[in-house]
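> If you scroll down you'll find the structure; I have some questions about it.
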């Protein structure tokens, strides 16, 4: 008894649970071989290995490698361990030990994954078993280096809904009430000639001609001109995104750019100023002048106010996450957990991103002022800020489909460089372009969902699923750096969308406590006291951190969802009955969207 | 009436500042014997009634402003017209809120509508619990040897002891244990047939005294359990501290004297350091001006979560012994009224599904804390705000509630009650219109006639309207033990308590409210007030 360490108390049988849970959804299991396979997935090899589990020690097992995944099943009868890892998750494969290595399990492979874990396999020194496995894994985990296609192009899965249909820019802008008197939709970038990293369809001020846009493009980094992201349905103030102006050391000015921002300002009659949020720390913005960049000085841009939001660049974020991994995997830091967590600065970065987004949202909503958001190139921090601010301002984006549209619009179509930031199929694990910017955004969304448990239609599993497939390469959704590249590769024709998987089984991703509320602005608290490390994501591989087994919780959620639907249905029946009695021909029947918010007041 | 002498003031104009979010409340301020009343006038709807008992020792004032620091960690600021009036009001509040006499305290005057005196005082847990034990085993009996509290002033009248030990032997055991707290049954674990016991330290002293009856009692515990069951003595002090206690007449069980029992030491922090940890945490949480860069290391330096971790892992150890090792476990520290109760009550929550129900948990608190003689009057007198450093103050009960909250956080389906019940218990333990947490022992409660002259908190909380709000809508009964993770990553700051008055109005309360409205829509919602306690 004395020897039983407290930390082991909940580890019994949970390990299996947790690892089984990782098996992917929607997979047809081939019962004859009992290894899950997707349509289009082909088996390459299998091998007997010893999996060195950091929590339960070495486990003998058989590993199956396909062109999509690495699958391991233990051969020991008392342990039902299963590992199911898409090869896309692998960031680096290293050999450990040499032919002369002594000591048990010192010879084998060490695999670093992008999702906060490492896998270690010990192999026999005889024969060429390690060389074979190393080469096969390298080939299929890093297909780009071997002129092989990424698995998404081989995937033949069929779903009953088409996720590529979720986002249609014209429809989304129409939902926002665009075009209107002040804003027009332009096809100037139809062939990606104005800006190769922007989408084909842009919303710009009505008073700016296409020639104006071309001239402005010359003064903005990578031609990413200021364009509309979102318009407030009532006060008509807007969120505009762009890249930095090319001011440079000499302090260049561009009359067209200055005029263009003034035109944007004038679309809003209420306030005589335009607010510019530069996501960078002030010093970085100044330093960028040396490489031709910079920021809008107030002597050149009249009627603007500029704020720096102090968010650090992709390199700082990458190092910060690396430190988080150091303290959570494989062993979690015990004795000084909180101060170690603090020293990673991860939560502090989350706080700054959230704080920035809150400022943007507040300026638009309460300040009734249009804002321009940019960083350097306008595809990392800018996307974080605009997407989060839109999530705070517009309840539509808090539904499952709305969130998909938000990601599709602000991230994918506006050229967040997913391919470079994640390194899909690329073997260069130390590439300085890699950075967890999108993960950080999803973390911020999770923090918001913690603070507003009834405001989001989706649950934690939805967010984790998105992150899992950010790396998996099973879907085409996050492939490539921009829309023009995706179009060239015909991604929508040749791959399946992640949203097909999710939308064909939405119930699984629903938050039972969701209460639809229109026009409610969410301001999360971005103080450190109210931010938490997302343990269920960052430390999910450690069985000792597991909380209540997810199955019963989800089961209960499903019951609650059913209960909720029953009440909503009953309410609608009652309202129908009520409106039949009161039948007033002058008022049109209200759509379900308008009825929903009454749910809570009615009961 | 004597209160009148302490009230130095008539009504005055005042303004209450309620934080940056809410608008200030203006009105006429009155001090009564037990309340501070701020009434905005006839058209105003929300009067402020603040029970003076809630005001912690510290009332600071300078010209025109009074800062009230409440025991539920709320800080209120009152702006009052006139320096004279301010001083008078402050002095009145100070005098009235620090009255120490139990029988003039508010519970003896509190007569809410809809409740009858004497209701729910029939909550006699030792007897009730014995009925359950008697159905499971024959090895234990209910003894009334302490009927007049002469054997042990901090035990209730009836205790559950091994059937093989007679009352005379118990009397001699009592002489051998500090404060007369001889080993009694805390929990019988039916599946393994073993038990959880608690007591105080044996009075071995420097001469290493022994007591045959005490040894016999523990021997018969093992004999009455599953044959061959081992025994573990879980001492909540370090081995060294236990040894040092011999100098002052205490000590710990000698190995040779108790065959079959093995001793383990799991030091738990208590008393002063625990109180200081609490005070530091509350200061850190309330310190909004200071730069927040160091929040996490500040939180770590408070050590509160470390205490939570220690308490939970020691309780896990005790529960592990009972369930997995199928052993009998005796828990004690020195006096056996603080960390001992923390460990035995938490171990029961881990093991016993009944204690995780609404009723079962209330019974657990009544049996393992109130009747077991946790000195609430001494431990929960001032809360975190106090200039003086009261010698006996210690947030042991709050630590227990925090640990229960962590269990609920990790096992969202397993507790029938929600955070609301824990918050209510915290509030009422420190200041309450009910008599439940008055005094330090059953004996004192009898002397003060608490049962006949005050209302029980349990009858307040169990009114259908109130009770419904305290429930956890996710609850699903499960017969299994719930083993919490005690890794620091799994333990969270209890924001609902420590940041209750700091965070914005939205979070969980409002959210749960919405969920409730949904779940409870079958029952017609009446206009429910949470408790009949005056509300802010």
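Using the three backbone atoms N, Cα and C, a Cβ is placed for every residue, glycine included.
Not my notes, these are from TrEMBL:
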REGION    A:1-34  region 'Disordered'
COMPBIAS  A:14-32  compositional bias 'Basic and acidic residues'
DOMAIN    A:163-538  domain 'Myotubularin phosphatase'
BINDING   A:313, A:314, A:375, A:376, A:377, A:378, A:379, A:380, A:381  substrate binding site
DOMAIN    A:344-406  domain 'Tyrosine specific protein phosphatases'
ACT_SITE  A:375  active site, phosphocysteine intermediate
REGION    A:579-603  region 'Disordered'
> If you take the centroid of the Cβ atoms of A:313, A:314, A:375, A:376, A:377, A:378, A:379, A:380, A:381, the listed substrate site, which other residues of that chain have their Cβ within 8 Å of it?
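Output for this site, in sequence order: A:279, A:382.
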> Taking DSSP states H, G and I as helix and E and B as strand, how many residues of the domain 'Tyrosine specific protein phosphatases' (A:344-406) are helix, strand and coil?
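Across the domain 'Tyrosine specific protein phosphatases' (A:344-406), DSSP assigns the residues as follows: 45 helix, 4 strand, 14 coil.
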> Mind telling me which of the binding-site residues A:313, A:381 has the densest Cβ neighbourhood, counting other Cβ atoms within 10 Å?
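Most Cβ neighbours within 10 Å: A:381.
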> In the predicted model, what is the mean pLDDT computed over the domain 'Myotubularin phosphatase' (A:163-538)?
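When the pLDDT values over the domain 'Myotubularin phosphatase' (A:163-538) are averaged, the result is 94.
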> Among residues A:313, A:314, A:375, A:376, A:377, A:378, A:379, A:380, A:381 annotated as binding substrate, what is the maximum Cα-Cα distance? Answer in Å.
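This binding site's residues have a maximal Cα-Cα distance of 12 Å.
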> Taking the Cβ of residue A:375 (substrate binding site) as the reference point, list residues of the same chain whose Cβ is under 8 angstroms away and which are at least six residues distant in sequence.
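Same-chain residues close to residue A:375 (substrate binding site) (Cβ under 8 Å, separated by 6 or more) are A:243, A:244, A:278, A:279, A:280, A:311, A:381, A:382.
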> If you draw a 10 Å sphere on the Cβ of residue A:379 (substrate binding site), how many other Cβ atoms land inside?
25
> For residue A:377 (substrate binding site), what is the tally of other C-beta atoms lying within 10 angstroms of its C-beta?
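Neighbour count, Cβ to Cβ under the 10 Å cut-off: 19.
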